[in-house]
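Listed in Swiss-Prot for this protein:
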- 1-16: signal peptide (SIGNAL)
- 35-49: disulfide bond (DISULFID)
- 42-55: disulfide bond (DISULFID)
- 46-81: disulfide bond (DISULFID)
- 48-65: disulfide bond (DISULFID)
- 57-63: disulfide bond (DISULFID)
């Protein structure tokens, strides 16, 4: 019985990892290049990837994408960005 449970668990894990890999192939690099990751230069919050990442210009002369201290508020602001996540 234990062997069957372990076998089924491995089978489910194999199918899950295959579907995740297929989802990654659906989004080309050009689509993910529309927004910047953490520490990427930015001009507005919409230039940064992720719902909790904001464009921070307070601590230096150049603006960079940083993790927001208020992720819920940032997610609401990001909802109004056009074609960027």
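Note that Cβ sites are derived from N, Cα and C of the backbone, with glycine treated the same way.
Because the structure is a prediction, the values reported are computed rather than measured.
Features per Swiss-Prot, on structure.
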{"residue": "42", "record": "disulfide bond", "contacts (Cβ under 8 Å, 6+ apart)": "36, 48, 55, 63, 64, 65"}
{"residue": "57", "record": "disulfide bond", "contacts (Cβ under 8 Å, 6+ apart)": "63"}
{"residue": "81", "record": "disulfide bond", "contacts (Cβ under 8 Å, 6+ apart)": "45, 46"}
Message: Given a 10 Å Cβ-Cβ cut-off, pick out the one of the disulfide-bonded residues 35, 46, 48, 49, 65 that has the most other Cβ atoms nearby.
response: 48
- line: Excluding its own, the Cβ atoms lying within 10 Å of the Cβ of residue 63 (disulfide bond) add up to 19
Query: Where does residue 46 (disulfide bond) sit by DSSP, helix, strand or coil?
result: helix
- prompt: CB neighbours of residue 55 (disulfide bond) within 10 A?
  reply: 19
